[in-house]
Amino acid sequence: MSFVEYGDTIKDGDTAIVFLGHESMFPVKVQHGSVTQTKYGVIRHSTDLIGKKYGSKVTCSKGGWVFILHPTPELWTMNLPHRTQILYSTDISIITMMLELKPGSIVCESGTGSGSLSHALIRTVAPTGHLYTVEFHQQRAEKAREEFREHGVEHLVTVTNQDVCKNGFGVSNIADAVFLDIPSPWEAIGHAKSALKAEGGRICSFSPCIEQVQRTCLAMEESGFTEINTLEILLRVYNVRTVSLQIPDLGKAAEDNSSAGFDSSSPSHQGSSCANLQQGTVQFKSGVPLREVVGHTGYLTFATKS
Amino acid sequence: AMEGGPSARIREGDCAVLKRDEVFKAVSVLRRRKIIFEKQWFYLDNAIGHIYGTTFEVTSGGNLQPKQEVEETTTETKEAGTDNRNIVDDGKSQKLTHDDIKALKDKGIKGQEIVQQLIENSTTFRDKTEFAQDKYIKKKKKKYEAVITIVKPSTRILSTMYYAREPGKINHLRYDTLAQMLTLGNIRAGNKMIVMETCAGLVLGAVMERMGGYGSIIQMYPGGGPVRAATSCFGFPKPFFDNLHEFPLSKVQSLLSGTFSTETLPADPEDNALVEEESNGLSEEKQSSLQETEEEPATEAPMEISPAEEQDTMDINAEDVEFKENKEKENKENVREKQIKQWERRKKLKEAAALLREKNADGLIVASKFHPTPLLLSLLEFVAPSRPFVVYCQYKEPLLECYTKLRERGGVINLKLSETWLRNYQVLPDRSHPKLTMSGGGGYLLSGITVVLEKGKSDSSNSEALKMEEPSSKRCKLQDLPC
C-alpha cells in the first residue's frame, strides 16, 4: 500500500485503518508480531492482518469484528494524530478544485501543521507533481517528514523548516499553486507571488477571522493578484431515519380515516411513507440534520497571478 | 502524459474559455470566426499567440487588443459627500440622454471615456459618499468597458460555467458538490474508475483531469452512446482518451449474469449510436437553447458549439465534395469502413466488458438523472473491496431509499448522506459582508466505502452492522474550532 497507490492485500509496514463502527476508527501500523487492542478484543497482526485483503472483516479475540480499510487521505484526515487544528475534507476538496490541482502540479504549502491537507495535495499531484511544504515549528516539520516516509510518499514532498513570512518557500518561479494556512498570511503574499511560475498560477489563503481576510485581500491586490474571491463552504450531514407521526384524533369514525388524506394501500407510498391506521401513525423516511454541526471553519480566499 | 500549466499560449484550434466578470463561455479558437459574448461580437484572431489569462479590449471592427494597464484618472478632485440626506431621486441627475450615449458608442469611443463622461455629467456624483461613488463607477465600468479575459479550461472554470449557464444539463450539480465528489471518491492518477453520469460529460471531464491520463475509466452510458459535449471543452490531449472505455448500461445485467455477448448487439450499432447521440445531446441542446432565448430574448444561446460538433460539420462538408467526385468508390469504401468501425466498436466493447468482469475497480462515481438505487445495486458489483463510491442526486429522497437498500444489501460501510452550502463574500475595506445571493441548492451526495461482501450469512451480520453503525445523535460532538 501507499497513500498514492491502491494495494489489494495488507502487508508488513502498511498503515491500515481499523473500522469499528459509525465514525469510530483508528489507524494502525501493521508489524509482524505486533498486537492491537480494540473494544472487541485483540488483533494479532501476523495472523489477523498480514496477507488478508483490504476491506476484509477481521474477528477479534472476544468474538467481535472490525473491518480493515486501505488508507486514503480522507480516512487519514479523520484519524490522524492532531498536532495542530487541521483542515477537513470539505474545505480540502474546494481548495483542490479551485487551485486547479492535478497530476503534475507543483504546489507550495505553509504551514504543514498535522499534514491533513498535505496528504490530499500529494495524492492529487502524484505521480509527476511535487509538494513543497514549509513549517516553522521544528518538531512538527520532523514529524511530518517521518509520516511521509511511512506512507510511501516522501519522493513527492519536500518539508522545509523555516518561517514562510520571513524566508518564503525556498523555491521561486516553480509553483502552479500556493496554499497558506498561517496566522498572518498577508505577510507571505510577496513570497507566494515569487514562488509561483512567472507565467502565473493560483493562490488560496485560509483564515478563520474576517480581519485576517481583509488584510490578505489588500495584500493580494497590492501584489497584482486578480480574480480575488472569498468564499466559505459548510458541510451538512443527514442521519437517515424512519419517523412516525401520530394521526390526531379529530373525533371521526374509523372508516372515515381513510379519506383523511392517508392512503395506506397505495403501493407508490410504500417505502417513502405509509400510514398505519390501526396504530394511528404515519411513517416516513427522513434525512434529519445533526443536532449540532460545524458552523464555521474558515474563509477561503482565492486569487490568480497572471 | 502531462501538459503545461497555465503558461501555455493560445493556439488555433484550442478549446478556450472567455471570461467577463463572473460570466464564462467556452469557445474553440478559430480564425475569421465571429464570436458573440455578452452582447458583443468579435474575432479571436488577434488572441492567438498570447498567454492564457491575458485580458483583451474589443476595438471597433471586432478585433481584440491586449488591455494596457491604465492609471485611474476618474476622480481627480476626490470630492465626496458624507450621507445622502440631500440626494433626491428626480430622474434628472444624468445630463446625458440615452441618445447621447448611443451616439458616443456609435462613434466608437472607448468605454473608459464613456464612463468618464457619465461621471462628469452626473449632477449628484460629487454629493455621493466615497463608497457610493466607487459603486457607481464599478457599475458603469461593467456596462461600458468591454474587457474579455481568455482563460484555459479547467474543472473549476467549466463547472462554474455550466452551473451558471446550463444547470439543467448537469442536473444542478453545483461546483462545490462536484469538488466533494472528486475528493470523497479519492480520484487520482492510476485508478481504475467507473463513471456513470448524465451531466453532459462534465463529471467525466473532471475525473479525467484528476487522473491526468494515468489509469483507466469505464464510462457507463444510457441509450446509444455517451454524451461528452462538456468533456470536449476541456481540450484534453489525445492520449487521455486511450484508456477511456465505455459500456452500455443496458448490457450490465447480462454481464453480471454471464450471458453477455457482443454478438447480441443491434446489427449496426454505429448508426444507432449516432442517431441516439443526436437525440440525447445535440438536438436537445439546441432545443433548450431555443427555449431559453424565447424566455429571455436578451440572452444569447447558452454556449458555443462544442469543438466536437464543429469537427463533425467540417467533416461532413469535406465528405460532400468528395462524394460528388467519386460516388461509386465511396459507396464501396463506405460499406467496408462501416464494417471496420463495427468491428472496432465490438473490440472496444469486449475490452470494456473484460475490465468490468475483473470486478476490481477502484471506485464508482454516479451523477445522473436516473434513480440511483438500481444503478448502485448493480454497479457496486464491479468495485473492489475497501474502495470509495459517491452518488450524486439532485434530490434527497431517492438517496434516503438508496441508503436503506445499500444497508440491506451489505458490503458497504461508512455511509454518509451530505450536502454542502456555499457562501461568497464581498471583501472591501469597511464594506465586508456575505454576498446578497447564494445558491439555493447544489444537490446531495451519498458516499461510502465497499467491504468484502459475505454472502449467505448476510442477515445476521447486517442487523449487527446496522446497529453498529446507527449514529447516535446525542453523541454528535462539535469539532474543535479555530481561533
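Glycine residues also receive a Cβ, built from the backbone N, Cα and C atoms like all the rest.
Database features, via TrEMBL:
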type	residues	note
BINDING	A:Ser114, A:Gly115, A:Ser116, A:Leu117, A:Glu135, A:Asp163, A:Asp181	S-adenosyl-L-methionine binding site
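All features noted in TrEMBL, drawn onto the structure.
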residue: A:Ser114; record: S-adenosyl-L-methionine binding site; Cβ contacts under 8 Å, 6 or more apart: A:Leu80, A:Pro81, A:His82, A:Arg83, A:Thr84, A:Ile86, A:Arg140, A:Ala144
residue: A:Gly115; record: S-adenosyl-L-methionine binding site; Cβ contacts under 8 Å, 6 or more apart: A:Leu80, A:Ala144, A:Glu147, A:Phe148
residue: A:Ser116; record: S-adenosyl-L-methionine binding site; Cβ contacts under 8 Å, 6 or more apart: A:Trp76, A:Thr77, A:Leu80, A:Ile86, A:Leu87, A:Tyr88, A:Ile92
residue: A:Leu117; record: S-adenosyl-L-methionine binding site; Cβ contacts under 8 Å, 6 or more apart: A:Ile86, A:Leu87, A:Ile92, A:Ile95, A:Glu109, A:Phe179, A:Asp181
residue: A:Glu135; record: S-adenosyl-L-methionine binding site; Cβ contacts under 8 Å, 6 or more apart: A:Ser110, A:Gly111, A:Thr112, A:Gly113, A:Ala141, A:Ala144, A:Val159, A:Thr160, A:Asn161
residue: A:Asp163; record: S-adenosyl-L-methionine binding site; Cβ contacts under 8 Å, 6 or more apart: A:Phe136
Max pairwise CA distance, angstrom, over record-listed S-adenosyl-L-methionine binders A:Ser114, A:Gly115, A:Ser116, A:Leu117, A:Glu135, A:Asp163, A:Asp181: 20
Protein Cβ atoms within 10 Å of A:Asp181 (S-adenosyl-L-methionine binding site), excluding its own: 26
For A:Leu117 (S-adenosyl-L-methionine binding site), the three-state class that DSSP assigns: helix
